[in-house]
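Chemist: Take a look at this one; I'll ask things after.
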Amino acid sequence: MRHLLRTRDLTRDEAIHILDIALDMAAVQNREVKKLPTLRGKTVVNLFFEDSTRTRISFEAAAKRLSADVINFSARGSSISKGESLKDTAQTLQALGADGVVIRHPVSGAPQVLAVSGWITAGVINAGDGTHEHPTQGLLDAFTIRQRVHGAGARGRGLDGVRVIIVGDILHSRVARSNVWLLTTLGAHVHLVAPPTLLPVDTSGWPVTTGFDLDGALAGHPDVVMMLRIQEERMHGSFFPSSREYTRTWGLDGPRFRALQPDTIVMHPGPMNRGLEIAPIAADSPQSTVREQVANGVSVRMSALYVLLSGERETATVSGDGATEHHAIQQRSAAQ
Ligand code: ASP
Ligand code: CP
């Protein structure tokens, strides 16, 4: 695998392989010395044209824990404000010797442009492009669900039969899209719930069911309820009558949360609009995985960087020989 641009392209085996390596990475993070020498001498550039807290920080932590050199670039304060193009910016990265580029961009498809342009030789990881995809968020969500559902027996497994409902601003959500493709590839059933104005007009090609009725969906006792942020920055116009009305009809408020089965997982990618799409009682409960998702994000991003940038990738990943990579990682962990 040379780039990670979308989960739509991942096979089940590739996805499980990344999740299994993330398990090894998680084990490294529980040690006193959290670093592996795997990417020593490699340079990872974090190229953020849109704001981020979790994704940017966790990619930085992930790259550093693999001993890579990290260069953080954010559009704000850079020569982008002087009109520099993506191409010229990319060529600057090439001159800096970037081996991996992690890019977040407001335009859907920008990471793909970078990957196929020939401007750079680095592996490209999409850290969120417009309303298109956010593949490492999908992977960290899948990892989190797999851990909660299968616990110690998670390695090697998918999410067969797990019932997930994704609720809210599907229209503007790259998180929803990455999860739709990935979770269904892993065997989960995904049901989308949103106001009619916040569902894409045509979801007929998506492997999901859709509806407008949150209470009806919750009455089916899903295993996972994933709440999405209302993305006001992407809304030009009004999509629902008022915040109060939205919360009353589509929010995970106190009464809806209290009616969930005790083992139903509550997820949110963050940042949360507390009190709008999710009540604090739900966000802060033991059923919530919000903080776990952030912690798992570091392991999953270490795994993605490892798969794309480590020397083994040509032999191990291309041949699908996950055991070789695991062995290599475990040897490295043991040697630390
Ligand atoms: N942080 C996620 C994203 O960048 C979700 C969100 O912003 O609502 O897509
Ligand atoms: N979940 C997520 O991508 O968060 P940030 O936008 O803070 O990176």
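The first residue you see is number 1, and the count goes up from there.
Note: Cβ is positioned from N, Cα and C throughout, glycine not excepted.
All TrEMBL annotations are machine predictions without curation.
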Chemist: Figure out which of ARG104, ARG163, ARG244 sits with ARG54, THR55, HIS134, GLN137, GLY270, PRO271 in the carbamoyl phosphate site per TrEMBL.
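Modeler: That carbamoyl phosphate site, as TrEMBL gives it, pairs ARG54, THR55, HIS134, GLN137, GLY270, PRO271 with ARG104.
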Chemist: Which one of these stretches, 77-96, 317-336, shows up in TrEMBL as region 'Disordered'?
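Modeler: The range carrying the region 'Disordered' annotation in TrEMBL is 317-336.
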Chemist: When you measure from the Cβ of HIS134 (carbamoyl phosphate binding site), which residues in the chain that are at least 6 apart have a Cβ under 8 Å away?
Modeler: THR55, ASN126, ALA127, GLY128, ARG174, VAL175, ARG177, SER178, PRO269
Chemist: To which of the binding-site residues ARG54, ARG104, ARG229 does the lowest count of other Cβ atoms within 10 Å belong?
Modeler: ARG54
Chemist: Looking only at LYS82, ARG174, which of these binding-site residues has the biggest number of Cβ atoms within 10 Å around its Cβ?
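Modeler: Its Cβ has the most other Cβ atoms within 10 Å: ARG174.
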Chemist: Count, for each of the binding-site residues GLY270, PRO271, the other C-beta atoms lying within 10 angstroms of its own C-beta, and report the residue with the smallest count.
Modeler: PRO271
Chemist: Listed binding-site residues are ARG54, ARG104, GLN137; which of them have CA atoms within 10 A of the CA of ARG229 (L-aspartate binding site)?
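Modeler: Qualifying among ARG54, ARG104, GLN137: none.
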